[in-house]
Each structure stands twice: as C-alpha cells, then as structure tokens.
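Student: Okay, here's the structure, questions in a sec.
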C-alpha cells in the first residue's frame, strides 16, 4: 500500500465526513426555518402599534402565508443554481422581511403602511421556501437510499423550530416582541451562511454496507431529535423559571442542537484510525467477483425491466387516455382526477383550521385570560413534531403489515381535531392546553401523511409540482379560516378601543369560529374515508408488492450464491 492509496482513502473518508457534516448543517437550517409559525408571538404588538382590527391583523398573517405560494420559484431554481446560492437568497430575503418588522415593532421607525407590511411579511414567509428547498433536495440526493429517514428527521426539526425560537426568547428576553423579531431576522441568516459552506451534493452510498451504516446513524439523529423535543416540553411546564435557570436552559439547548456534529466527527476519526482494515475490506469484497457480478447483473436486468414497463405503460396510457390511480400522472391528468381534489379539500380542512389556531393564538390566549401565550405556541410545535414522526412510521408499518390505506390516518387525525375544537369552544379550565396539544398532533399528522400519499397515488415523475399545488392549501386555508372566518367573527364580538383598534375578552370571542372549524374537520373526515375506500386497491397492490419482495429475497440470495 503506497502513499497514493493512503491519500485516496483519506480523501474518501473526508468526503464521507463532509457529507454528514452537510446533513448536520441541514438540520440546523430546518431547526430555524419554522419562523413562519411564530406570528402569534408578536402579532399583538403589531396590532396595537398599527391600530389594526382583528380582520386586518389576520390578513397580515395571510400575507405571510401567501409567501409560501411562491415556493415554485425555489423549486425551479433548485435545478439551475447551486445549493449555497439558494440558501443565500432565502437568508437575505428573511433578513429583510423580518428586519423591517423589527424596525416597526421596536419603534425605530414609524409604522409602515398596511400594504408595505404585507410585502415584508410575504418576504419573510417566502424565505423559508428557499431554505427548505435547498436542504431537502440536496440531502435526498446525498442519501437517496434512505429518503424516508432524511425527510422525517428534517421535517421533524421544522416542527420543533417554533418551540426553539419561542422558548429561547422567553428564557433570554422575557417574551419581548422586538427581541423575538431580531432572532427571526438574524439567526436564520447566520445559520444559512454556515450551511452554505458545508451543505453540498456528495456521492451517495454505493455499497450495502455503507447503506446499513447510514441507517444506523439516522437512528442516532432520531434519538437526538426526540431528546430535544422532550427537553423543550419539560421547560414549558416549569412555572416562572429564574433568570439563571433560563440561561442554563438555553445553554443546554444549544449543546443539544450542536450534538449531531458528533456523528461526522466520529466518522472522520474512525476512518482515519483504521485505514488498513478498510483497504482489506475492499480487497475482501473484490475476492467475491461472482456474487458482485450477479448482483450487478440483477440490477441491470431490473432497470431494463423497469424501462420496458414504463414504455408499455405509456403505450397503454395513450390507448386508454387517463392513467389509473397509483400510476404516473402528468399535472393535467392529476387535475382531472376526483381523487386529487378529494385529497386537496380534505388537506385544506386539516391544515387550514390548524393554521387559523396558530395565527390567532395570541388573541385566543388573551381572550381566555392568558397574557403569555408562548407556552401554547410551543405545545403546538412540539406535539406537531411527535405527530409527524410517529404517523409516518406507523402508517408505513401498517401498509407493510396489512395494506392499510394511508388516508385512513388522515381521517383519524380529523376526528381527533374535532375533539380539540370542541374542547376549545367549551373554554373550560385547561382547555387551551389540551386544545393546543390536539391541534399540534393533528396538524403534524396531516403534513406527514398527505405528502407521501400524493406520491403513491399520482407517481413521482411530476411529484415536485404536485406537492407545491397541495401546499397552496397553506395560504388558501390561512385566508379562508384565519383571514375571513376568525377575523370577521372576532370583530363582530369585539369592542372598539381608543385609537382605532378593537379587543375581545371571554370565551364567546372564538366559540363560533371553533364550532365552524369543527364542522370543517368533520367534512374532511368524510372525504378522507371516501379517499381510503377509493384507494384501497392501490395500497393492497403496494402491500402485495412489498410482501413478494420480502419473501423472494432469501431465495434470490441462495440462487446468486449457487450461481
């Protein structure tokens, strides 16, 4: 073994470590990219400074969500621009959008006009679409054999990001709205600059041993995420923590968020300490040419069969016109299907009502007698994380075990959300705690379940555009349930205040809103049941396919060895 071989190995180990360091940077980006869900933490300050009615305030929150509708721009740019440029665009846009809001709330400048504030809120909302696109596209390409764990971990940290911002602000700045907006502007900008250095496309795993090692490390990342979630949840239930305790909490949280960097460090030193054993392993692999050749030949044949199947499928589609559900669809074909619109409307009923609660949490808390609503914002965020992580794993398990249609879990979430809104409408002691938890869980489930459902029903070929069409439900739902429903009904119950604003205190302020949103969730439940029935054959086919592959794997292994 000469110097060149050692250098080549060292280079390979460095590339592997850098790939994992890029994934850690991606986690940090996702941990700060949920700032879109924090509007209720400073909405009351905007309302009082700008003398807004509740309807006007809710329309500002709609402007924030409308920014997500322009996420298609980031999607198109991801195929043309490098990752660091996309991150830079998102970070600068967020710095400007939230920075302008800070200038207003801190009274550094006079309040801007209403339309100007709408623009800056829209910029802040759109900034996260650039961050999310850069992170998800790059990491899925780097770890393409473990797409499920990659997506689950990154989306899980998005769910935690609101709680991270809220709890740190409460701990260090006593929930000061001005300081909170400084965090929203500066922290994502700094984190994206770091990620721009380390996050880049790298070669994916090329052997089964590398794939197995990736899976083991993803379990470590999952465990760290759960520890962070439990830690944040525990802090929320500590009554009136002291300044020293709060500072200690923030310091430990930073350590927990930084701890995933231990994985790439471990990989780097592990590989450097045993270069000879790896080379021997490579030689050992080369002593089994027949097995490797058989595997390669099998993969080639599988690709040829898949290519033939695609051609045959296209021919069949030309003959019969519209493809069947579960097959590849173009955008036009997707929009012609009943199933897509059933999924679209049921998704609207779930995420639209969930966003309305998040956007109005500041006023909901004040109406029910809570001057500080940060704990409720955190509860929605943390339990949304658990909803995403658990529902993705459980739904996948039951597809493999019994072919259970994935939309059935959306139906369960809708019914659970109905109970949440009923509890909020009753306004009993502790209702806001229970309601926040239930809404957070169900919102997380809807996000985690609807995303893979669309790919299973309409294929992966045009999945990016299909996903972004579904995500249009965020601004649409925010406008319908928050901007119109909650805003108009609140203003009907509110009393005018000096200076032009209004306020409402009491359970009656949002009771009708909660009842209407409960009815919307019942409609969503019916649509999800309908979709489950209509797609039962698709999931039965998926179940049969997974079962046949599992049963044929041992016999294929024996056949390759015999050959």
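Keep in mind that glycine also has a Cβ here, set from the backbone N, Cα and C atoms.
When I checked TrEMBL for this same protein, it listed these features:
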type     : residues : note
DOMAIN   : 19-265   : domain 'Nodulin-like'
DOMAIN   : 327-539  : domain 'NFD4 C-terminal'
TRANSMEM : 20-39    : transmembrane segment
TRANSMEM : 81-102   : transmembrane segment
TRANSMEM : 114-140  : transmembrane segment
TRANSMEM : 152-173  : transmembrane segment
TRANSMEM : 179-199  : transmembrane segment
TRANSMEM : 219-238  : transmembrane segment
TRANSMEM : 250-269  : transmembrane segment
TRANSMEM : 340-358  : transmembrane segment
TRANSMEM : 407-427  : transmembrane segment
TRANSMEM : 433-453  : transmembrane segment
TRANSMEM : 465-490  : transmembrane segment
TRANSMEM : 510-531  : transmembrane segment
Student: Using a Cβ cut-off of under 8 Å, list the residues of the same chain at least 6 residues beyond the transmembrane segment (114-140) that approach it.
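Tutor: Hits for the transmembrane segment (114-140): 22-23, 26, 29-30, 33-36, 46, 50, 56, 59-61, 63-68, 70-71, 73-75, 77-78, 83, 86-87, 89-91, 93-94, 96-98, 100-101, 104, 147, 150-151, 154, 158, 184, 188, 192, 195, 199-201.
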Student: Give me the stretch from 20-39, 81-102, 250-269, 340-358, 465-490 with the greatest number of Cβ pairs under 8 Å to the transmembrane segment (407-427).
Tutor: 340-358
Student: For the transmembrane segment (250-269) against the transmembrane segment (152-173), do we get 3 or more Cβ-Cβ pairs below 8 Å once near-sequence pairs (under 6 apart) are dropped?
Tutor: yes
Student: Under an 8 Å Cβ to Cβ limit, what residues of the same chain, 6 or more beyond the ends of the transmembrane segment (219-238), are close to it?
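Tutor: For the transmembrane segment (219-238), the far contacts come to 23, 27, 149, 152-153, 156-157, 160, 163-164, 167, 171, 245, 249, 252-253, 256-257, 259-260, 263, 375, 378-379, 382, 385-386, 389.
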Student: Mind pulling out the one from 433-453, 465-490, 510-531 with the most Cβ pairs under 8 angstroms to the transmembrane segment (340-358)?
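Tutor: Between the stretches 433-453, 465-490, 510-531, 465-490 has the largest tally.
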Student: Just to confirm my parser: what is the rounded mean pLDDT across the domain 'NFD4 C-terminal' (327-539)?
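Tutor: Here the mean pLDDT over the domain 'NFD4 C-terminal' (327-539) amounts to 86.
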Student: Considering only Cβ pairs under 8 Å, which range in 152-173, 179-199, 433-453 makes the most contacts with the transmembrane segment (465-490)?
Tutor: 433-453
Student: Counting CB pairs under 8 Å, which listed stretch among 81-102, 179-199, 433-453, 510-531 touches the transmembrane segment (20-39) the most?
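Tutor: So the stretch in question is 179-199.
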Student: Give residue numbers and ranges for long-range contacts of the transmembrane segment (179-199): same chain, 6 or more residues beyond its ends, CB-CB under 8 A.
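Tutor: Result: 18, 21-22, 24-26, 28-29, 31-33, 35, 38, 41-42, 83-84, 87-88, 90-92, 94-95, 97-99, 101-102, 105-106, 124, 127, 131, 134-135, 138-139, 165, 168-169, 172-173.
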